[in-house]
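> As listed in Swiss-Prot for this protein:
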REGION    1-314  region 'ATP-binding'
BINDING   Lys22, Arg117, Gly132, Thr136, Gln183, Glu297, Gln309, Arg311  ATP binding site
REGION    327-754  region 'Rifampicin-binding'
BINDING   Gln336, Tyr351  rifampicin binding site
REGION    767-865  region 'Swivel phosphohistidine'
ACT_SITE  His825  active site, tele-phosphohistidine intermediate
Amino acid sequence: MKPYVLKFQEIRPHSEALVGGKGMNLGACSNIEGVHVPAGFCLTTEAYKRTLAENNEFTQLLQRLSSLKTSDMDAIREISETIRTLIQHTQIPSEIASYMDATLLDVGGYEMPFAVRSSATAEDLPHASFAGQHDTYLNIIGKDALLQHISMCWASLFTERAIIYRIQNQFDHRKVQLAVVIQQMISPEASGILFTADPITSNRKSLSIDASFGLGEALVSGLVSADSYTVRENTITNKIIATKKLAIYSLKEGGTETRILEKSQQTKQTLTDQQIIQLAKLGRKIEAYFGKPQDIEWCLAEGAFYIVQSRPITTLYPIPEVNEPGNRVYISVAHQQMMTDAMKPLGLSFYLMTTPATMYTAGGRLFVDITQSLSAKVSRDMMVNSLGQSDPLIKDALLTVINKKGFLPPLPTEENPSHATVSGKPPVRSIPDSSSVFELVRNSENSIKHLKQSIETKSGSDLFDFIVEDLEELKRVLFNPTSIDAIMAGMDASAWLNEHIYQWLGEKNVADKLSESAPNNITSQMGLELLDVADVIRPYPAVRAYLEQTKNPDFMNELATLEGGAETKKALEDYLQKYGMRCAGEIDLTKTRWIENPLTLIPLILSNIKNFDSGASMHKFAQGEKEAFHKEQEILRRLQELPDGEQKAMETKEKIDILRHFIGYREYPKYGMINRYFIYKLALLRAGEQLVKDGILQEQEDIYFLYFEELREVVRTGQVDYELINVRKRDFATFEKLTPPRILTSDGEMINGEYKRENLPKDAILGLPVSSGTVEGRARVILDMEKADLEDGDILVTAYTDPSWTPAFVSIKGLVTEVGGLMTHGAVIAREYGLPAVVGVENATTIIKDGQQIRINGTEGYIEILD
């Protein structure tokens, strides 16, 4: 017999598909000792399906909905209204009504007032915060009224808002069903919401309570302001008493009314201090039962607290699991690497196996525990100053943690002996020989060539042994002392030039102009060479027309039928042979590479054809060289006019030569690493394909949700835990929606820092200046490079840019990113291309709207919206 009705105490764990998120959580709360839940039951999804199962019109309407996009508003509106009317006029089968009759007798009978709440299978789940998307009805009395409101709850599954939300979150309308919670109404003196973690800072030790008089609907619907109480370790740390002009109360005959409160009550504290602590303890008990922070709806009646809902807080950033005592401080690796997307487990594995630093995972990102470095003055000062140079927001976030009273242990009165020899100054590095860049590149290319040949013969467990060995070769290449010296030589020369030329001539960031068209930069070459691909295609209108409309991932093979198709295919293949291992978010080995989906490059190629004349790559590079040379001559001439000018000019010339020789090499080690990652990926996908053939894996790309050693064990044993893979897929869907903080504490507090600058234009949007100059233009807010339809002279506004974005830089005249630092990829390439750039602009992609006219000041570090 199918369970159409379940009392709360009868609901078992993992029953989302039967009772929805709300129903399952109420069932769990009903089983917690000392927690009062108003009596009630759940009309299950089986009742929903039974009522509508044989309705052909309903089935056809669902089929129509499944093909719609969020842009199809007229169709959504029409189908929404039709479905809701249909459901409300469909009679609930008598057998379901009979089960309800019997259950209602146990929870008070039809004469009792009830709350009728929808409980969707896609609502209140850990990976999708659907709260408030479906309807709730209060103080419903009588059988007919209950049945009517049950149908109205079912119909609320198909409001326009709910339909659009499902489309956005890729939920299948045909698979989402609705259960209905029917619960005794409490007529409370007060009600509200309790968060067992601070919803603003994510601090897990701070508990937040919102409270107002009457029913909670006034608070949830935004009709009234609420008192706000903060509790930490059973101590009230903050109280804000709101003016509560209104409250909603139940009516005896059913329904609710809104009342204006007496003046004396409007400013009265809703809960006493004793009640606040009592409720906080109750919240901690519920949190402990579920094992994660909770968003709890509560009400107070006759001196007792009742819980009417509890759901996980879906917006909190996870905390790294570190078995170390005391308070800890973690710094985001994502912000240093300019890639803040969530990574899949296999991608995390390879980065962890590549880096010598100890890192921890949280929310699909990597963090480093810097607590020890902050516990001694010398290492603390070095960290704050070095990181602060490249990213002032991280510096401010670190200072915020350091200044948190009692969070970090006090500095020792005498320095730790292990730090005694540290001067606080960066070590003096030797400048490599001028031929070293050529040798480093050649050695890396030879090493990659050997890897490609050797890995082809490896399979099974031997493949994993081979990859582990080759990762040591990768680390040898990446952390070669000569390579590091070459990178630092360019960076040190840049810093020296900026500091001394500002001191001597009063000119800021002169290294930006001097870096334009520097040689040996594999990433800027990548952008310019895509212009050469555009030159090959430009004379062939049939190819251009085909590329403008094709969505076929196999388009390369179709080119052969077109005039110029063979030439186009060869140009693309040559480009992909050199750069095809790159993509957005490329440090995650699991990301789709350009060579795996060449369609990604087509919008940029078409933009290049539209925006540039033939030969633009040579012209742009030569123009950059010319401007850098003229700036060099100007600086040297002005220096020679100063006291001791010949000496200053000689020193400056030496630094300019070092800058131009070495600054481009900085991009090469990552290019080599990504090359290797792609070779590993292809080999592991072959292993995944074999696992699918052997019936062990369902899909080849399921390997992405296993860590390297786990995948190695699956290959060795032929056994896999699919529940683990499915959990990680759900977790990843959650992690994708989270924004990682720059600094995270062991309390879960997210600290992102603030800019502290004065004398800027009113309403200026602050960021970090990384490439000098001021420019005005149309903002193009682009989050996906595949949609980069850029016009010559646009200003690119995006979340971050890694090397894969470089081809877009040839079309733009300015850059704004949410993440970045002085020496991160976007900054380096912007300087080489001569583009004014401001990075580290918090929420830039939401504050700035696509198409707005903006002005960016890459010298002072701010943006102005002009319209």
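Here the Cβ of each residue, glycine as well, is placed from N, Cα and C on the backbone.
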> Which value does the mean pLDDT take for the region 'ATP-binding' (1-314) in this predicted structure?
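Mean pLDDT across the region 'ATP-binding' (1-314) comes out at 89.
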> Take the region 'Swivel phosphohistidine' (767-865) and count its residues per DSSP category (helix H/G/I, strand E/B, coil), listing them in that order.
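Secondary-structure composition of the region 'Swivel phosphohistidine' (767-865): 23 helix, 35 strand, 41 coil.
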> If I restrict to non-local contacts, at least six residues apart, and a C-beta distance under 8 angstroms, what lies near Gln183 (ATP binding site) in its own chain?
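In sequence order, the residues whose Cβ lies under 8 Å from that of Gln183 (ATP binding site) (at least 6 apart) are Leu26, Pro38, Ala39, Gly40, Phe114, Ala115, Arg117, Val308.
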> Per 10 Å Cβ neighbour count, which of the binding-site residues Lys22, Arg117, Glu297, Gln336 ranks highest?
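When each Cβ's neighbours within 10 Å are tallied, Lys22 tops the list.
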> Tell me, if you would, which residue among Thr136, Gln309 (binding-site residues) has the fewest other CB atoms within 10 Å in the structure shown?
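Counting other Cβ atoms within 10 Å of each of the binding-site residues Thr136, Gln309, the minimum falls on Thr136.
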> In Å, rounded, how far does the Cα of Gln336 (rifampicin binding site) sit from the Cα of Gln309 (ATP binding site)?
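Cα to Cα, Gln336 (rifampicin binding site) and Gln309 (ATP binding site) are separated by 40 Å.
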> Cα-Cα, whole number of Å: Lys22 (ATP binding site) versus Tyr351 (rifampicin binding site)?
39
> Just name the most isolated of the recorded positions Arg311, His825, going by other Cβ atoms within 10 Å of its Cβ.
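Least crowded of the recorded positions Arg311, His825, by Cβ count within 10 Å, is Arg311.
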> List the same-chain residues at least 6 positions away in sequence whose Cβ sits under 8 Å from the Cβ of Tyr351 (rifampicin binding site), in sequence order, or say none.
Val333, Met343, Met359, Leu366, Ile587, Asp588
> DSSP three-state call for Tyr351 (rifampicin binding site): helix, strand or coil?
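For Tyr351 (rifampicin binding site) - judged by DSSP and reduced to three states - the answer is helix.
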